[in-house]
Amino acid sequence: MIVLICLGIEGTAEKTGVGIVDSDGNILAMAGEQLFPEKGGIHPRIAAEHHGYWIPKLIPKAIDEAGISYDDLDLISFSQGPGLGPALRIVATSARTLALSLNKPIIGVNHCIGHVEVGKLDTGAVNPVTLYVSGGNSQVISHESGRYRIFGETLDIAAGNCLDHFGRETGLGHPGGPVIEKLAKKGSYVDLPYVVKGMDFSFSGLLSAALREVKKGTPIEDVCFSLQETAFSMLVEVTERALSHTQKDEVMLCGGVSANSRLREMLKVMAEEHGAKFCMPEMKLCGDNGVMIAWLGLIMHNQFGPLDIKDTGIIQRFRTDEVEAPWVNNNDSHLKLPDNLIAKGAESDIIKSSYLGKNAVLKSRIPKAYRIAEIDSKIRKSRTKLEAKLLSDVKKSGVITPVLYDVDLENKSILMEAIEGKMLKEVIDDNLAYKIGVEIAKIHSLDIIHGDITTSNMMLRGGKLVFLDFGLGRHSDLFEDKAVDLLVLKKSLQSIDNTTASKYFDNVLEGYAESYGKNKDKIIEKIKEIESRGRYTH
């Protein structure tokens, strides 16, 4: 088989990278330069100037390091998006110029998928749940039905952006992450908001609260410790939810924030608690680099061939789930459930039990070793208490939930009716999707948010839907919260092929609209608004 050599150019934000890789996965060269702003964050124009200066210098450097000539190149690959518009344009222009001058084929690739694929190359992971976290991106990604799917993402700013912003505002400098990590080792916990909405996280409120603590005079070490622990606990929890939903047996960490040893430790502990393998590429491959662009270019060229030069424009908001990825090996290796459990969710063990001679299940919110005790105890107690209340409150709408037998706040557990039926993800069809929409509308009409509506948290018993697991539930009349609730369900449908999943969600919205009432259109519009937000443009 002929071995091809690809040169990749990266420049979505502040890091310029050029890498050379062959189709056997050998890294032949890796060169890069990072922009360090004198003050403030990364300005798109300054980033573009940085790339314009360094790309012409790094290309010959990489060629020399690889010990090859320009004629030996078989393909030019570049990061097509997502990223800063001016920066992406410099990268694309440089790649086109090089490809045309050498008469070589060209291909543009998705930056986020580049991180995942180079991570798999380096670690040997086959089909992991990946936490990709950087200055501009925070996503939980896993491959399902021919594409990389985003199971969780930020609803506002990225985790790395949160840390960098805090660093700038408090005079710690940019990037903020390394300084925050150092100061956090000397700090103690102060209470900060913990915001997980279904499979998504939000960092803007956490950032604002942390800055307020600094202005109040709280020791900077304490704020750094609390900011880091809270932000990373949110990231790991959502990754854990995706792992529980997909039942994959590999967890991978990548992106610039993976330089933080505490985040690596937390994710590794979580993976081990589920019996999953933890993977992380070597540090030089975690941040933005040209190697990942070259490697993904080779993969996509092998699958689809090169791009026509007219199709090499940038895609500033290039979503991970827009790319067909049929090359991924969806192996049959999954998590193995311990013998004593009926199920193991993201935050609870489900144990077979009984109550007055009736079949029952005990939902036990077990301590999470990756979280500090202050955060862990607070979350487990508040969620247990609220879930018990919501299980009862939601019945007023006519929605079926398990009968509640006992609540033990000290041990953070709930004893409830055992539901004999089938998980919805095993039996969903058009008609059931419509019924789901009707039932969700009933719940929302009471201003109750389920918080984690997935096909794993609904069952079909005797032809009727039963809603489970209100652990992330709360009361809210906000259209945004109701829209996010529906989007959680949409993401959980991603294990089905795109066309069918889209059809099912349309049926859900049809049932929802017919049942909800006068504000249904505002909620459905809010769904579109949330989906259109620029979460990948730094």
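Along the chain as shown, the residues are counted starting at 1.
Cβ from N, Cα, C; glycine included.
As annotated by Swiss-Prot, region 'Kae1' applies to 1-327.
The local packing around His115 (Fe cation binding site), expressed as other Cβ atoms within 10 Å of its Cβ over all shown chains, amounts to 32. Residues or ranges marked as Fe cation binding site in Swiss-Prot: His111, His115, Tyr132, Asp288.
Around Asn260 (L-threonylcarbamoyladenylate binding site), the C-beta neighbours below 8 angstroms that are at least 6 residues distant in the chain are Gly177, Glu181, Gln228, Phe232. Look at Swiss-Prot and you will find Tyr132, Val133, Ser134, Gly135, Gly136, Asp164, Gly177, Glu181, Asn260 tagged as L-threonylcarbamoyladenylate binding site.
Marked as domain 'Protein kinase' by Swiss-Prot on the basis of sequence analysis: 336-538.
Counting only same-chain residues at least 6 apart in sequence, those with a Cβ under 8 Å from the Cβ of Lys344 (ATP binding site) are Ser244, His274, Leu335, Leu337, Pro338, Ile350. Feature annotation from Swiss-Prot assigns ATP binding site to Ile342, Ala343, Lys344, Gly345, Ala346, Glu347, Ser348, Asp349, Ile350, Lys363; the stated evidence is sequence analysis.
Around the Cβ of Asp452 (active site, proton acceptor), 26 further Cβ atoms fall within 10 Å across all displayed protein chains. Annotated active site, proton acceptor per Swiss-Prot: Asp452, in sequence order.
Compute the center of the Cβ atoms of Ile342, Ala343, Lys344, Gly345, Ala346, Glu347, Ser348, Asp349, Ile350, Lys363, which mark the site for ATP; besides them, the chain residues with Cβ within 8 Å of that center are Ser244, Leu341, Ser364. In the three-state DSSP reading, Asp288 (Fe cation binding site) counts as coil. Of the chain residues outside the Fe cation site list His111, His115, Tyr132, Asp288, Thr12, Cys112, Gly114, Val116, Ser134, Asn137, Cys254, Gly255, Met292 have their Cβ within 8 Å of the site's Cβ mean position. Non-local neighbourhood of Tyr132 (Fe cation binding site): Cys112, His115, Val116, Ser138, Gln139, Val140, Ile141, Cys254, Gly255, each in the same chain, at least six residues away, with C-beta under 8 Å from its C-beta. Of all the recorded positions given, namely His111, Asp288, Ile342, Ala346, Ser348, Asp452, those whose Cα is no farther than the 10 Å limit from the Cα of Ser134 (L-threonylcarbamoyladenylate binding site) are Asp288. When the neighbouring Cβ atoms lying within 10 Å are counted for each of the binding-site residues (Ile342, Ala346), the highest count belongs to Ala346. In this record, L-threonylcarbamoyladenylate is bound by Tyr132, Val133, Ser134, Gly135, Gly136, Asp164, Gly177, Glu181, Asn260; the longest C-alpha to C-alpha distance in that set is 19 Å. Here Ile342 (ATP binding site) is compared against the recorded positions His111, Gly136, Asp288, Asp452, and the shortest C-alpha distance is to Asp452.
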